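Participant: Can you keep this structure in mind? I'll have questions shortly.
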Amino acid sequence: MMAAAEYSPLTTHVLNTGDGVPAARMALSLHRLDSKLMIWSMLSVGTTNTDGRCPGLIGREAFSPGMYKLRFETGSYWESLGQTSFYPYVEVVFTISDREQRFHLPLLMSRFSYSTYRGS
């Protein structure tokens, strides 16, 4: 579950660039790779708010160096708008080496493309 009002060192912002609006009500999940077993473990799930943000992804105490992925349920989002999409989901895999830093991972998307970058 999401860490309610707790400060999250990892944030995201999803924008529907095709329509020029935040992607509200998109389901997403955060996972961490167990490097010994090579298995992804789900850490939290959430839904973007009306501004396309999902606060409380992970608490500072649970945020440790390693490989993570954010999975965005883009297909379901587009379906909820009565549209189809080429991508049923988007997974962004990234590595955290310094847990003291703040990480922002935006997703800019349309029905047929997406891009992301590391913000701060």
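Every residue gets a Cβ built from N, Cα and C, even glycine.
So TrEMBL says this about it:
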{"type": "DOMAIN", "residues": "5-119", "note": "domain 'Transthyretin/hydroxyisourate hydrolase'"}
{"type": "BINDING", "residues": "H13, R53, Y117", "note": "substrate binding site"}
Participant: Sort the residues of the domain 'Transthyretin/hydroxyisourate hydrolase' (5-119) into helix, strand and coil with DSSP and give the three counts.
Facilitator: 10 helix, 52 strand, 53 coil
Participant: By a simple count, how many Cβ atoms lie within 10 Å of the Cβ of R53 (substrate binding site), its own Cβ left out?
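Facilitator: The Cβ of R53 (substrate binding site) has 17 Cβ neighbours within 10 Å.
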Participant: Measure from the Cβ of Y117 (substrate binding site) and count the other Cβ atoms within 10 Å, all protein chains considered.
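Facilitator: Result for Y117 (substrate binding site): 10 neighbouring Cβ atoms inside 10 Å.
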Participant: Return the residues near H13 (substrate binding site) by Cβ distance under 8 Å, restricted to its own chain and a separation of at least 6 in sequence.
Facilitator: P22, D51, G52, R53, H104, P106, L107
